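Lifted from Swiss-Prot, the feature list:
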- GLY8, ARG11, ARG91, ARG137, ARG140: CTP binding site (BINDING)
- GLY8, ARG11, ARG91, ARG137, ARG140: ATP binding site (BINDING)
- GLU21, ASP23: Mg(2+) binding site (BINDING)
- 228-329: domain 'HD' (DOMAIN)
Amino acid sequence: MKVYLVGGAVRDRLLGIPVQEQDWVVVGATPEELLKRKYRQVGRDFPVFLHPETKEEYALARTERKSAPGYYGFICDFSESVTLEEDLARRDLTINAMAMDEQGNLIDPYQGQRDLEEKLLRHVSPAFAEDPVRVLRVARFASRFHHLGFKIANETRLLMYSMVKQGELAHLIPERVWQEWQKSLQEKNPEQFILSLRSCDALRVVLPEINSLFGVPNPHQYHQEIDTGIHSLMALRASSELSEEPLVRFAALVHDLGKASTPIQDWPKHHGHEEEGTKLIRALCARLRIPNDYRDLAVTVARAHLNIHRVCELRPNTIVKLLEQVDAFRRPQLFHKILIACQADAESCGKTVVYRQTQLWNEILSECVKVTPQTFIVQGYEGKAIKEAMHQSRVACVERIMTSWKSNEK
């Protein structure tokens, strides 16, 4: 029985970046042997075990053979005779197909170290095409390592394109699409996930709602970048500079989703795209089973972003109603996320923007939350009268703030 460190831990060690988790491959052993050594089996489809002390994952070396279309269409062999090289051969990219023995010696049968040095994301073998999830994984690694200068190898991009044309991506299950997309939203360059999928025509299949934004014009006076798809990616890029939260980044990306569904004869104007966008976001989230907190924030940003931008043009009563509608008084942290997504939208319009709306909205909210029910209860207000009195008191707060704000602007 021999044990090897494999995959991402080896890759990240060679890159000199922090190792998040360690995975191990066991060669020349059986499940029974590991169980005798107090390892705990957790793998359902193939034997994966947790170390009795470190709780790190140890998997028996295995091979995979395609037996049917899709993610689950594989026959696995995890017998004692499977070699380390055979196990590494089934992996997606050469940079993920390296191992280290217990003495720290590198085992690199597929030139992963060379591709690390050349900053290339290259598939290990033609077997890459047997698993459609690998297209998504390559796009995710592109988003993770873009800041280090990594590119997808031309031959790998061509293979991904071929997989799309052959219809292999039709077998992707919704959970895996979202799993890879969500992971990419946590990377340094989440926009590269979308760009990588688009470069091999996979975006059209996997995320048609986003793909349809490319080629949709925007009014030039607001968007120097013109194209709605490009603007959406710029908003995603801007949001990743402002926040590490994937919820905010997702909301920034899909805030203009409705623009592709507005009447073509009205372009580049997009009247009503806010409400149209909320429908598309709900449908997208239902299709990919995206969590409700992502959906709810994205829907709110899509619906409210124009009014958030135009705060100085709104009546005080409208401002208070908006804050009530987005539940800002009870959930100010949620409103903060909305503001970040809106700021990302404003900063992605192809010109230098100082988004003072954030300061103004925060000032308004901080004053309005000081209005509490107790003030009116002691005055004898009851039921709906309390709510109405609070609303009017908040409107008065906004009037004072807006008057002061506008006088300072002169």
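Note that Cβ sites are derived from N, Cα and C of the backbone, with glycine treated the same way.
Distribution of Swiss-Prot features across the structure.
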residue	record	DSSP class
GLY8	CTP binding site	helix
GLU21	Mg(2+) binding site	coil
ARG91	CTP binding site	coil
ARG137	CTP binding site	helix
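The distance from the Cα of ARG140 (CTP binding site) to the Cα of ASP23 (Mg(2+) binding site) comes to 19 Å.
GLY8 (CTP binding site) and ASP23 (Mg(2+) binding site) have their C-alpha atoms 8 Å apart, to the nearest angstrom. Compute the center of the Cβ atoms of GLY8, ARG11, ARG91, ARG137, ARG140, which mark the site for CTP; besides them, the chain residues with Cβ within 8 Å of that center are GLY7, ASP92, LEU93, ILE95, ASN96, PHE141.
Looking at the domain 'HD' (228-329) alone, the prediction's average pLDDT is 94. In this structure, the C-alpha atom of ASP23 (Mg(2+) binding site) lies 13 angstrom from that of ARG91 (CTP binding site). Applying an 8 A CB threshold to same-chain residues 6+ apart, the list for ARG137 (CTP binding site) reads ASP92, LEU93, GLU180. Counting other Cβ atoms within 10 Å of each Cβ, the lowest count among the binding-site residues GLU21, ASP23 belongs to GLU21. Reported as a whole number, the C-alpha separation between GLU21 (Mg(2+) binding site) and ARG91 (CTP binding site) equals 17 Å.
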